[in-house]
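> Quick one: the structure is below, and I'll ask about it shortly.
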């Protein structure tokens, strides 16, 4: 049992799809969400830069004394998960492993597609995670850089999204995939559009849902579930909250307000400094 | 006469369209270009955050002893130009005033459209600049958030770009504009697509070309033209150069290599600190 909060972070609003699933499964948990909106997006940036940003975001949440860290960003999970788990002595969950596990469990023909940001696809993290579970599976990955701006523009069901999705998915469909991992926390917003193009023969794997299931496992395993009175979630961002409240509210389907701005860049430590706090 | 370089900065590759025009008009000038790729884009961020980033970018170039600063980014020009001109004692040019001047000079029906990032449109900078010259002109501004990712994806002439442009331009066309300011340094890449939709009745104003003309004026006015032997331009970025070299090379139409990575965030000064160097 632990009364502490669960800390969740992403580069911006995308991780709210993960937040939403965790909140739905565990209404009794207190959730702290940090969006690094002053430096969003992570998906086009280098592994070293994303690692630095992720360490700073995590350090902020650890300072809030969270009991668990959820990296609700595929790019950050791809390049920073190991470093985060090494640096901080609390459970650290990413979105890659849960998505990979689910994909392996649902594929019938052993041909899995993965879509994500440039950073996530380049890292090869999904391919490694899938092959660690099932070396015989063939993985076909494709970056879809326009999906994030399309989702943030509120154009997830727009003909522009449909046309872009047809272009991005065509090579994956040509490979005969029967499973597609939505390897970016923004992409669940495009589910309807993607499903219409792929048809019933392809199962969509939503990392958000799978990650929430993984949180359940850790809460049970480490006896971390919260029993105290209900507490509303708290949201933090690194730029002024206006845009996060507007776009994030649309993501969650409920108004988002009372978001606090915090500074995390360079304030806490140098990324190569070993003096990080451990608990 | 001055042998010093001209400093140009942008959040990323977009300002290369301005760089290209300046380089074309003044092959004898040495050009230093800085792309703040670790924090790109600026267009979705708050004025305060963009101001801080612009001050840091400018301070880096001033440290390189440039003779003139060109803010090759509409968002940064919108919110930071005045502060930059106050802080540094060298000529500081933005892209807003040149574009506004050109637009006012070409419009026949006094109905000007402006497209740009969310930040640029929200700032109202173009409307103010146009009204300062011609209060009778009606200005209709529209943010086009997908144009930057479309240009960076290399999809400027793609059907997806065409469809998105039709959606964004429709309200401006309904207002009967005869002039459209491309108020983002990425947008000149979409000229062909935009022109095809707007037809011959609408003149496109490219800030890049107009800004290069403004540089000519300052070089002449302050007698700053360079007479020394030709020097190749130098490029700096704040994230690893790989993506900048790839996307920027496509922007320039020539291979881009030998790009140096530098750190500028928080390294130089606190934005509210008055101890900035003056020359």
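Glycine is no exception: its Cβ is also placed from the backbone N, Cα and C atoms.
Caution: TrEMBL annotation is automatic and unverified by curators.
Dumping what TrEMBL says about this protein:
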BINDING   B:10, B:11, B:42, B:43, B:74, B:75, B:185, B:186  substrate binding site
ACT_SITE  B:73  active site, proton donor/acceptor
ACT_SITE  B:184  active site, proton donor/acceptor
> Taking only the Cα atoms, work out how far residue B:42 (substrate binding site) lies from residue B:73 (active site, proton donor/acceptor), in Å, as a whole number.
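Distance between the two Cα atoms comes out at 9 Å.
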> Which of B:11, B:74, B:75, B:185 has the fewest nearby Cβ atoms, counting only those within 10 Å, among these binding-site residues?
B:11
> Hey, how far is residue B:43 (substrate binding site) from residue B:184 (active site, proton donor/acceptor), Cα to Cα, in Å?
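Checking the Cα atoms of residue B:43 (substrate binding site) and residue B:184 (active site, proton donor/acceptor) gives a distance of 9 Å.
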> Enumerate the residues of the same chain, B:10, B:11, B:42, B:43, B:74, B:75, B:185, B:186 excluded, that satisfy the criterion Cβ within 8 A of the mean position of the Cβ atoms of the recorded substrate site; list them in sequence order.
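For the substrate site, the extra neighbours are B:12, B:14, B:15, B:41, B:73, B:76, B:117, B:120, B:148, B:184.
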> Highest CB neighbour count within 10 A among the binding-site residues B:10, B:43?
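The residue with the densest Cβ neighbourhood is B:10.
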> Select the most exposed residue of B:73, B:184, where exposure means the fewest other Cβ atoms within 10 Å, treating these as the active-site residues.
B:184
> In angstrom units, rounded to an integer, how far apart are the Cα atoms of residue B:75 (substrate binding site) and residue B:184 (active site, proton donor/acceptor)?
8
> Let me check the 10 A CB neighbour count of residue B:186 (substrate binding site). How many other CB atoms are there?
29
> Tell me the Cα distance separating residue B:184 (active site, proton donor/acceptor) from residue B:74 (substrate binding site), rounded to the nearest angstrom.
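Each residue's Cα considered, residue B:74 (substrate binding site) and residue B:184 (active site, proton donor/acceptor) end up 5 Å apart.
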> Among residues B:10, B:11, B:42, B:43, B:74, B:75, B:185, B:186 annotated as binding substrate, what is the maximum Cα-Cα distance? Answer in Å.
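The substrate-binding residues span at most 12 Å between Cα atoms.
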> Helix, strand or coil at residue B:10 (substrate binding site), per DSSP?
strand
> For residue B:42 (substrate binding site), list the number of other Cβ atoms lying within 10 Å of its Cβ atom.
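Taking all protein chains shown, residue B:42 (substrate binding site) has 29 Cβ neighbours within 10 Å.
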> Reported as an integer number of Å, what is the Cα distance between residue B:10 (substrate binding site) and residue B:73 (active site, proton donor/acceptor)?
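With the alpha carbons as reference points, the distance is 5 Å.
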